[in-house]
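To start, the structure under review is shown below, and the notes come after it.
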Amino acid sequence: MMWPQPPTFSLFLLLLLSQAPSSRPQSSGTKKLRLVGPTDRPEEGRLEVLHQGQWGTVCDDDFALQEATVACRQLGFESALTWAHSAKYGQGEGPIWLDNVRCLGTEKTLDQCGSNGWGVSDCRHSEDVGVVCHPRRQHGYHSEKVSNALGPQGRRLEEVRLKPILASAKRHSPVTEGAVEVRYDGHWRQVCDQGWTMNNSRVVCGMLGFPSQTSVNSHYYRKVWNLKMKDPKSRLNSLTKKNSFWIHRVDCLGTEPHLAKCQVQVAPGRGKLRPACPGGMHAVVSCVAGPHFRRQKPKPTRKESHAEELKVRLRSGAQVGEGRVEVLMNRQWGTVCDHRWNLISASVVCRQLGFGSAREALFGAQLGQGLGPIHLSEVRCRGYERTLGDCLALEGSQNGCQHANDAAVRCNIPDMGFQNKVRLAGGRNSEEGVVEVQVEVNGVPRWGTVCSDHWGLTEAMVTCRQLGLGFANFALKDTWYWQGTPEAKEVVMSGVRCSGTEMALQQCQRHGPVHCSHGPGRFSAGVACMNSAPDLVMNAQLVQETAYLEDRPLSMLYCAHEENCLSKSADHMDWPYGYRRLLRFSSQIYNLGRADFRPKAGRHSWIWHQCHRHYHSIEVFTHYDLLTLNGSKVAEGHKASFCLEDTNCPSGVQRRYACANFGEQGVAVGCWDTYRHDIDCQWVDITDVGPGDYIFQVVVNPTNDVAESDFSNNMIRCRCKYDGQRVWLHNCHTGDSYRANAELSLEQEQRLRNNLI
């Protein structure tokens, strides 16, 4: 509800005139629906429809399950469970748009059903209908976005920022303290502090990418306000006279992901007798930045132990603060089902990780499918929980969730100004070109190029992330065919080495004085970015189940020897007499990403191998290694990508890649490539290895030649016991699937890495 206002005063809202786009394709005549009610469940509530820019209700006359089914499907749910009459979810306001709705049950939208017509009704709001939908989302219903959070009259609040007041706050990024301003009609407007609460500050800070808020010195800011108001030439005095206090009052619960969800009272228009902010001043907010965005690292303190705290991480996101949600339970990482997944629960995840509130809650494995167990389903948060583990939830195995239903988030992050310090020039489109960066040279900002020495896919990934362009497709060292910016011809950065977790190239290691062996020009670094990427994952269980030993005669290993699939000691044997002891196994490599996995080299450069009569499209596709418990290699092998193809695909997905007849090579999204145990080079040569306990390791795409959304799951490891005659593999797992101490006990070393993505 809005606060009551005198009818003689005209009000105007700081709201966008355009409606937020729907998350599903709809025709221009399709009406938006929403569910409103006292519960925090997104799948149930009072049914409301948007018509002529105003939300209204639906009467329960003639309403039944088939009408509820049409409404639920339009809202993105699979079906309807039931419906409720007599305003069970509370009485609505405004018009009753529809009455005597009659559907066959096959309509795609509610406005395709029969009714009395728009606004033709003899009902009262005590007859408002409600629906309860099945919590499972339809395939293809992608996300709940902040832009879909409509305010009054179907409109939404615009952008928010903090205008720094203190001189010290103006010199640093991100800005964490200042006056709240909102953007309308191309101008920034102020917000009155009357009735301003910490709940309001929490919502504003969340929108700006900060997990929490803190109190401000209101007495100091009031003193500054009074001094500036006495100065007739001050900007503040001028703005006040122009009645720039657009929002007069805000009332938030603190759990809202956006100000559009708060109650807003809007200031009177210009020329009205009532002042916009009588006796008040602009609202001032102070936010607390997450650990990734603080200007100075906090001093080490004794942290309170939370033994039961549920650990959360994000995977496969293109940007900082986005990814598939994974939680650590029973010492193993697993995913979260998207049933009942919404912005409030997603915001708890974001804040737990040090980001702001969620700007998007994604459904249907939109950021790729995870591995292992599905730990949680039907997560229901109220918004103030410290961790996701404090929310109500079911076990993921209880309601038939699959990894196709993995939930993901996109969080609000602070504006660090990084995106303005890199650009691409000369490319065919905005997603490719020569990399130009801005650095300080003798205290003066200067644009220039990056030396391509040591330039690789990791550095390109950081660049694309900094630009907000997703993943890197190619890292280019030779860019003579792209014309850069004339004023940025000089090399200003060289020796760049990134770990992959940086938010900007400027955070990577690099030379002090620039040293580039090639000089500027054609050897400047370049990138080509893409919105989505593949994600290769090996079936660890199949490796464990199919491992065995074979003593293979040298007479049958000529081709394998030619392709370097045997240990070095094989070079000194008396061919064709003797044998090699081989640890053989089968492997399945799945593409769980959002784009096809294709060889980096074009087919014109594939190499023909006469012995096996096949083409190599990637020099090394996998590494097979046997390690001691301290990580030293005792045996190794490699497998060239002689045949990348879709061996099998899920039902309904067509195979796209096949090696026969010099066909295209690759692995399509959702498909997998199988290498049977009985083909050449599908082994590790352990002839020279003595009995003992070892670690068996397989790494896919080991040199990161082809871009992926997540490289951390490219490795599997198994415990291996070899007694000289037999071999046992057990505890096979993806490299990042267990928590650190479980890995330590298994391998005596910590291999887990969890970056910002």
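Each residue, glycine too, has its Cβ placed from N, Cα and C.
For C464, the partner cysteine in a disulfide bond according to Swiss-Prot, taken from C401, C411, C529, is C529. Closest to C287 (disulfide bond) by Cα-Cα distance, out of the disulfide-bonded residues C411, C464, C565, C649, is C411. Within its own chain, C529 (disulfide bond) has E431, E432, A460, T463, C464, L467, L469, G470, F471, A472, N473 as residues 6 or more apart in sequence whose C-beta sits under 8 angstroms from its own.
Residues near C732 (disulfide bond) in space but far in sequence (CB under 8 A, at least 6 apart, same chain), listed by position: A540, Q541, V543, Q544, F696, I716, R717, C718. Note: the CA-CA distance between C337 (disulfide bond) and C262 (disulfide bond) rounds to 28 Å. Model confidence over the region 'Lysyl-oxidase like' (534-737) is summarised by a mean pLDDT of 88. Under the DSSP three-state reduction, C287 (disulfide bond) is assigned to strand. Rounded to a whole number, the distance between the Cα atoms of C411 (disulfide bond) and C401 (disulfide bond) is 24 Å. Closest to C643 (disulfide bond) by Cα-Cα distance, out of the disulfide-bonded residues C59, C123, C205, is C205.
Comparing Cα positions, C411 (disulfide bond) lies closest to C205 out of the disulfide-bonded residues C59, C192, C205, C559.
According to DSSP, the secondary structure content of the domain 'SRCR 1' (33-134) in residues is 16 helix, 34 strand, 52 coil.
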